[in-house]
Amino acid sequence: MKRGVWLLIYCYATLTKGFSLPGLSPTTYHSGDEIPLLVNRLTPSIYFQHQDEEGNDVSGDKEHFLYSYDYYNKRFHFCRPEHVEKQPESLGSVIFGDRIYNSPFQLNMLEEKECVALCKSTIPGKDAKFINTLIKSGFFQNWLVDGLPAARKAYDSRTKTNYYGTGFELGFTDVKQTVDGKAVPSTMEELTSEASNEDVILDARLPKNVKPNLVKTVELPYFVNHFDIEVEFHDRGNDNYRVVGVIVNPVSIERSSPGACSTTGKPLILDEDKDNEVYFTYSVKFVASDTVWATRWDKYLHIYDPQIQWFSLINFSVIVILLSSVVMHSLLRALKSDLARYNELNLDNEFHEDSGWKLGHGDVFRTPSKSMLLSILVGSGMQLFLMVMCSIFFAAVGLVSPVSRGSLPTVMFVLYALFGFVGSYASMGVYKFFRGPYWKANMILTPILLPGAIFLLIVIMNFFLLFAHSSGVIPARSLFFIILLWFLVSVPLSFAGSIVAHKQCNWDEHPTKTNQIARQIPYQPWYLRTAQATLIAGIFSFGSIAVELYFIYSSLWFNKIFYMFGFLLFSFLLLTLTTSLVTILITYYSLCLENWLWQWRSFIIGGLGCSIYTFIHSILFTKFKLGGVITVVLYLGYSLIISALCCVVTGAIGFFSSMFFIRKIYSAIKVE
């Protein structure tokens, strides 16, 4: 058994890294060829804690925003090219907030530059306050050179590895501490001019005679206005070069004229009470590298906390294997005993009294309340399940690569539309299983109800993004394209699936007949009641994806590259297996206690518990301070959407597992 476990782990370990598709051809440059530098949106970075000189955490007033800003937003006053041109992007890239434009930076292969003046910009005090707020919140700039993100070199002390962290700072913060009771200067100019006054600004290592409760933290935001660009290239000979890495070292320098370019000067602090003249400059350096084009992404794709992921997956895999072994052994033994007892014909007795789960044979296939809604949710859940499974699989084997921006969400949209056939087939099949009379209503509502509700919520979130002037606003053209894809592809396929299921699906052929009068359900133990069973079952389902959710949220909210799809695929398979086993087990023991109302219970127990824990996890993920009402609404709104979709997917898994289990066991008994 141990060999099987380790073999399974090894197989999935080979899927933990994606690879580039051969069809993505590299760009070869010659000496002097222009290398386009593109600018993308400004994004929030993952939470970090300020530290003093002794390495101790220092609390600050850092707030975090969960929406991005357009690079050429008027409040930033960045240098613009003569003609700003928006670059073509995929549907997924646009929906996830990418806004890529050309830039005034001039990069030519092997032509190094030193302190080139870019432009002079005047930043009003009102915009300076906005920029300072984003600097304190840890916003990053995102550039692209030859398809590679501009990065900063970073070191992971936990794995003791060097890697390239995508993006670089909009600015830096310097943490100072002030003694309460002393007047803190109201302007940045006064603050820096009095920096030598020890009564006002103290070193991070405070004297022992200063009481801690009198100390306050002040963050000084330094705005970046100089960029040291380092382009790594691979020499292929015969004056052929390929870009294999881009490093940007941002510098904050206060200048009074564009000619001065020392990096050792005073940092630039934007005054929030007056206009600020800012000179933007950049330098370019080319560095030869042995890295070949095919492996240039390896430096960017860094696994954070791999030991935690391996430990959690191995630990939970062992738990699932033990759980499945116990469940299958106990369940199969009990069923074998039950079936042998139920199918015995005692010729000496005129009457034979049923007991256990066989008592529900006349009610277990009874039509539940709101059968239309349940069938639609189950069918939509199956459609989402197949979309998620195939998307993760394609990414794990390398068919979807970070080389192509927005490719994964685009693939997910297309797969969801294509799987409309399967989703509607499942929905109509379940509705026939319930023997519902309004099959045409089911055919119409299945491709509209859940997608329409999600689309409406996204549009509402879009208005909040629009109010915040975020680059994450989905353009009307993209929304129209989604609707077009929906009605021209998904809806026709859904109608076809419903019609095929209505004519060919035989799920309405039940192994037992339904009694005219429903059997009364006796008192149930507390652990089998719906609410308690839901929370208990949800622990097992959520445990299989808890660790991966952290990395997914980090990628979703803080622009981190997520590529550990092998881990994610393994976790999703564990989620599917765990949800199925636990739901079947609870359904079986409920039937043994004559509770034949399994339809809604299997969906709720399989889905609601996991979604509740997922939503709680998303709330606990926000250890940081959310900046503003809009950020809170957006975070809660999108977390609610993710949790609801999780509920539908796992609920469908639980329902279908219970449905096929019940059909199997009741078709194996003889009912007189």
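Every residue gets a Cβ built from N, Cα and C, even glycine.
Swiss-Prot assigns Thr410 and Ser667 to topological domains with different names, so the membrane separates them in that record.
Within its own chain, the transmembrane segment (411-431) is flanked in space by residues 91-92, 371-372, 374-376, 378-380, 382-384, 386-388, 390-391, 394, 400, 439, 442-443, 446-447, 482, 485-486, 489-491, 493-498, 500-502, 505, 507, 652, 655-656, 659, which lie at least six positions past its ends and keep a Cβ under 8 Å from the stretch.
Across 480-500, 533-553, 629-649, the stretch most heavily in contact with the transmembrane segment (384-404), judged by Cβ pairs under 8 Å, is 629-649.
Long-range contacts of the topological domain 'Cytoplasmic' (432-447) within the same chain: residues 367-368, 371-372, 374-376, 379-380, 420, 423-424, 486, 490-491, 494-495, 498-499, 501-502, 505, 507-508, 599, 659, each at least 6 residues beyond the stretch ends and with a Cβ under 8 Å from a Cβ of the stretch. Against the transmembrane segment (533-553), stretch 602-622 has more CB pairs under 8 A than any other of 448-468, 480-500, 566-586, 602-622, 629-649. Just going by CB pairs under 8 A, the stretch in 480-500, 566-586, 602-622, 629-649 that sits most against the transmembrane segment (448-468) is 629-649. Proximity of distant same-chain residues to the topological domain 'Cytoplasmic' (501-532), defined by a Cβ-Cβ separation under 8 Å and at least 6 residues beyond the stretch ends, is recorded for 359-366, 424-430, 432-433, 435, 439, 443, 586, 589-590, 593-597, 601, 604-605, 663, 666-667, 671. In terms of DSSP secondary structure, the topological domain 'Cytoplasmic' (587-601) contains 9 helix, 0 strand, 6 coil.
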